[in-house]
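Q: Please read through the structure below; I'll follow up with questions.
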Amino acid sequence: MGRTSKDKRDVYYRLAKENGWRARSAFKLLQLDEEFQLFQGVVRAVDLCAAPGSWSQVLSQKITDGHVVAVDLQAMAPLPGVLQIQGDITQLSTAKEIIQHFEGCPADLVVCDGAPDVTGLHDVDEYMQAQLLLAALNIATHVLKPGGCFVSKIFRGRDVTLLYSQLRVFFSKVVCAKPRSSRNSSIEAFVVCQGYDPPAGFIPDLTKPLLDHTYDPDFNQLDGPTRIIVPFVTCGDLSAYDSDQSYPLDLDDGSEYQYTPPTQPPISPPYQEACTLKKKGQLAKEIRS
Amino acid sequence: MDAQEDYIWPRATSELILLPVTGLECVGDRLLAGEGPDVLVYSLDFGGHLRMMKRVQNLLGHYLIHGFRVRGDPAVGDVDSQAMLAVFGSKGLRVVKVSWGQGRFREVWRSDLWSMSDWIWDVRWLEEKVAVALGHNSVALYNPMLGRLLQEVHCTDRCTLSSACLIGNTWKELTVVAGAISNELLVWYPASAADLEPVTPDRRVSGHMGVIFSMSYLDSKGLLATASEDRSVRLWKVGDLRVPGGRVQNIGHCFGHSARVWQVKLLENYLISAGEDCVCLVWSHEGEILQAFRGHQGRGIRAVAAHEQQAWVITGGDDSGIRLWHLVGRGYPGAGVSALCFKSQSRAGTLKAVTLAGSWRVLAVTDTGALYLYDLEVKCWEHLLEDKRFRSYCLLEAAPGPEGFGLCAMANGEGLIKVVPINTPAAAVDLTPFQGKVHSLSWALRGYEELLLLASGPAGVLACLEVSAAPSGKAIFVKERCRYLLPPSKQRWHTCSAFLPPGNYLVCGDRRGSVLLFPSRPELYPTHGVGIGVGLEVGGKAVAAAVAAVLSVGGGGEGDGSTPTEWGPVSTLPALHGKQGVTSVTCHSGYVYTTGRDGAYYQLRVQSGQLQPVLRQKSCRGMNWLAGLRMVADGSMVILGFHANEFVVWSPRSHEKLHVVHCGGGHRSWAFSDTEAAVAFAYLKDGDVMLYRALGGCTRPHVILREGLHGREITCVKRVGTITLGPEFDVASLLPLDPLEPGSQGPGLIDIVITGSEDTTVCVLALPTATGAAHALTAIGNHSSSVRTVAVWGASTPGGPQDPRPGLTAHVVSAGGRAEMQCFSLMVTPDPGTPSHLACHITHLSSHRLDEAWDRQRNRHRMVKGDPETRYMSLAVCEPDRPGLDPLVAAACSDGAVRLFVLQDSGRRLQLLAETFHHKRCVLKVHAFTHKSPGQRRLLLSSAATDGSLAFWDLTAVLDHGATALQPPAEPGFPHQLGTPCLTLQAHSCGINSLHTLPIGEGHHLVASGSEDGSLHVFQLAVELPELEEAAGEAEREPQLRVLEEHTVPCAHAAHVTGLRILSPNLMVSASIDQRLTFWRLGRGEPTFMNSAVYHVPDVADMDCWSVSPEFGHRCALGGQGLEVYNWYD
Ligand SMILES: C[S@@+](CC[C@H](N)C(=O)[O-])C[C@H]1O[C@@H](n2cnc3c(N)ncnc32)[C@H](O)[C@@H]1O
């Protein structure tokens, strides 16, 4: 497979490179905004799980004179106007550091595009993703102003209704949205939660993680008809490119194709040492008698 | 009918689950394997192997099992025959007591299923209580009998964990080692909590560069092992971890895996690790790799267990396979390479060629023309003969057979051939069948009756020599029987030969890659006229030339005056293996197998004197030079070949490299021999003979407790039909389970199901109704990219409708990535000799690649541009109701097209007929259905795209009249245009992932679709045909399609609806990625929810439903990251 093969299979990957976005995810946030006007009146925003930083790029462009805090486990190349924190959002110390920046001046928008490194074991991955979402929600309860908005990636798997029921506690309007740049085949979608409105008497507590809800025989059944399923919206207009479609390299707009290298080279992976050793032929081998 | 009753009916129950094996544990002499919520129990049989004996169902409800913990203390009772187990996974925990007295495994008692507040990473028995390590770094003390939380203690650092390990036998000494997302290990003591306050970690240990997936603590040596995302395993000297403040020292950092390491296990003398690379490594505590177990497919090994006394390691894979391996310790003496020390003062010359006579006699020739023998029992070199004429060039081949028949042959550059009896070299016979270089030598053996030596000479002459021995054994006779002639080519010589049983034909391969069929004696040639006719008809040019040469009497044998006839092949498959040549031919149970340097092996068949390809298979990745093929005692085959500079014996069945020899590649002289006792591989290196020997032959040293299915996600499932086994097939003997499961009575019905997968293979599965088991009959791996869809047509029985015999036949077309389609036919017949009681025969019919078709067009039309990355998303076959018409197959394509192909000559030719870009975006589904009304039959196709729109097309005219019924192509050379749809409809607001229809009479059909947003859409479609008089002609009788009653269920599911089936006018079933299988009542306005079942397979991509029999009811198969089969009754 040549280097152009990914460009053919994934039109958004290619467009991201051509438009200077650090990741194709940028289009997801842009398309979510098309539908929900997420950035209207936003001055302060938090971008959780931000690396390599395409959402932060979008935020810093859309929120002029604003204040964006970006957080990720991974180091991220600097971006003008974006304050960066490196850390695990499920960890207390990271959460405290984020909250510090919003004391007295709460945020209007919290976004989280967090995805665990999938292991391929579906139940583990779904759980891990849910924990990221709940950790982000926990942070949001500390920094979000009433009426504020929270957007997060969500895996629509077996227990997604438990997350919906959890989010409904804090927000007046919860919608599940799928930008057209996210593939049909992917279980990924985004919850757009508007109108932050915690229950009366709710006191945010960082030291206690928010745990998953459980199935409830009255409101949210495991295998019955009563389930909390939030409305689903597809966003991005229909004339947008179809992420499932394969396009020829010369797109219809008449432009001639030219290969563009990735905007951000991949960050150093945890297995770098193993790769280096492998390249040098220094991985341990079976001993032979 | 009252609502209550409706709610209960129909109830689907899970009868078979194939999922990644995520928990394994040895208990006594039993092995417990977690698969989904079920436990499989294996026990030792008399041969010392494990055998499946029971499935304990549904221990964890909708959770999946991730581990077992056996209660260790003797309070439980007789530890040799019973055990108390804590079974956990996800947030679920249950305790079961099992016993296996008197050879029967029984579940004595089980607690309720307890749900924890958070994910369970580890469980440890503390006498009758358990400690549970939870997801956000807390520990719960729990009474598992009563389901009561006694105490929960948190660590101050409440981050999410990726693993945890509990140590100690009492709450007081309980130690937690937690793997945090920050890659650190946190060691803390729950009992040190004052007033249930969070506990500060006692120690933080860092070192890994990625998260930690697994830990193992070895109490006796004070060692801890960790496995990580960073692809390494670390060994830590920790002493007694239960003592606070101890020193932690990293004493080993083991890099050996080529992907993430999922599991680690410390044994007294070994460290076992296994990971995403599907390899299980056995390390010494010093960090050397002692053994490597390879064979699992797909995304890795998920579970590891060990039985130290038996020296077993058991691994469970993502492919749902379970394998057992033997630990052999350091320096396993069973296999190895040794130098045979040829070089010596007394032996002049350097070695030129080596061969093996059986697996313990090595023969070698030098550049002085001397032939030497090395006998492994005697362990020394013996000089057999010396003949200067073989100085500059010498071929050497030992005869086949267990002891090499005691014969070998040498040949030189001047046409001289010497056949040598190894035990009496003085009795060697010389012969010069032709003048000129002998290019190649090969043997062919028929039983013990007939032995031929074939020698290729100049100009394609192939001399066939009969070799026989005098009854005394002292003398041998070599006589030329006849001469064959090879098809012309630059390197015109043969490379291999074999008798085709019963022995009337010889099959040969040549250097040009062709496979040739010769009658084994001239008398067996058909009379000339017929012979030529047959040859010309099928073989193409090469054969024509060769057959013509049969007539040119006197074409060879220049110089010696005689003019022997040269016989051409009666059948040829030209260049079957490409330019690099055929390397071997093997005949076995009615088939011919050939291997080539194109990395492929073929299954062929000879019918009416003609060679026919049946199936082409690729060997494992990177093994591009196949050298041979052997049938093994267990009925499977192994492939010999070269993988870079290694010689490899590879098993396609177990995906294992059974033998690997670092020989430097196949370009130097080498020989392979296998007998029941041993395999041997000899090769020349640095002027010496190197010999690899392994005892036990080619059979697998390891045991497959359960075969894996697909290595990656299943993308499509299709049921082909059901086979009824007669009473002669004792169904009970099929049963691995005890006692009989319900539903096992009645006739032996076996459903045949086809699955396609991202692992690029198509699998044929047998699902007996009696056992709830699944047997993979065969896997077909001829796609170059992932398989996304399969369609079946022409299902029948062997012998056809006139002479039905038990079994099933069908034609299958599969398609997927890189716009590739493959057609094959399938025949499944009863066979008492196999575990499934079935034999499956596959014949490959045709392949089609859109980019290849485009490339051909491009030569003629510069404008054609297509995208080779186009994926076929879905296929639908439209079968004609009259004989003589070819079926059509419609394909939903990712480039926005619906394409129509004709399946000509029963699928032997696949041709693109028409296309339409109506949808302008990725088309996800196509579905074909027939509309019947009195005297009328219309074939309709529906297509669905990512924008939620549906389109309906009438294909009747295309089916009847072919392309003439279509609009001509936009430009010559392009496919025809499918025209405009009869009806379009915006059914959903986003992608449609499932589509089905059902005729409901009065010219109406129910159409149902399910979407990415979890919604269902159901409507009635009225098909109206204009009266005959109104329409001008048949072709113009376009049907009118109208939408009648339309309903939408917006939040039917919480994720994509990927499976949908209208079972009857008032019942529908849907399946979704939210893991619910839901029944809907239709026909009374909006579809209403009846009931749903939570299933275990994630990411379900496809579902098929069928009814089996009145006794057995209905079945449905769900394919995704695994396979699950449900059953329900009317
Ligand atoms: C899909 S990427 C985000 C892409 C980003 N929105 C952009 O547009 O460039 C997901 C990120 O989640 C981060 N992540 C995963 N788990 C995390 C955690 N516990 N804390 C912080 N970041 C995490 C990963 O490091 C990864 O960079």
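Each residue, glycine too, has its Cβ placed from N, Cα and C.
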Q: Taking A:Asp33, A:Asp65, A:Asp108, A:Asp113 as the options, which does TrEMBL list with A:Gly53, A:Trp55, A:Asp72, A:Asp88 at the S-adenosyl-L-methionine site?
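A: Given A:Gly53, A:Trp55, A:Asp72, A:Asp88 bind S-adenosyl-L-methionine in TrEMBL, the matching entry from A:Asp33, A:Asp65, A:Asp108, A:Asp113 is A:Asp113.
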Q: When each of the recorded positions A:Gly53, A:Trp55, A:Asp72, A:Asp88, A:Asp113, A:Lys153 is checked against chain B, which show a C-beta distance below 8 angstroms?
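A: Near chain B - Cβ to Cβ under 8 Å - we find A:Asp88.
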Q: Does DSSP put A:Asp72 (S-adenosyl-L-methionine binding site) in a helix, in a strand, or in coil?
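A: The residue in question, A:Asp72 (S-adenosyl-L-methionine binding site), is strand (DSSP, three-state).
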Q: Can you tell me how far the Cα of A:Asp88 (S-adenosyl-L-methionine binding site) sits from the Cα of A:Lys153 (active site, proton acceptor), in Å?
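A: A:Asp88 (S-adenosyl-L-methionine binding site) to A:Lys153 (active site, proton acceptor), Cα-Cα distance: 17 Å.
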Q: Which residues does A:Asp113 (S-adenosyl-L-methionine binding site) neighbour through Cβ under 8 Å, counting only same-chain ones at least six apart?
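A: Once residues fewer than 6 apart are set aside, A:Asp113 (S-adenosyl-L-methionine binding site) is near A:Ser25, A:Lys28, A:Leu29, A:Asp47, A:Leu48, A:Cys49, A:Ala50, A:Trp55, A:Ser152, A:Lys153.
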Q: Where the record says A:Gly53, A:Trp55, A:Asp72, A:Asp88, A:Asp113 bind S-adenosyl-L-methionine, what is the longest distance in Å from one Cα to another among those residues?
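A: About 18 Å separates the two most distant Cα atoms.
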Q: I'd like the Cβ neighbour count for A:Asp72 (S-adenosyl-L-methionine binding site), meaning other Cβ atoms within 10 Å of its Cβ, all protein chains included.
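A: Total other Cβ atoms inside 10 Å, all chains included: 24.
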Q: Can you check how the pLDDT averages out over the domain 'Ribosomal RNA methyltransferase FtsJ' (A:21-196)?
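A: Reported value for the domain 'Ribosomal RNA methyltransferase FtsJ' (A:21-196) is a mean pLDDT of 93.
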Q: What does DSSP assign A:Lys153 (active site, proton acceptor), in three states?
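A: Strand, per DSSP.
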Q: Per residue, counting other C-beta atoms within 10 angstroms of the C-beta, which of the recorded positions A:Trp55, A:Asp88, A:Lys153 reaches the highest number?
A: A:Trp55
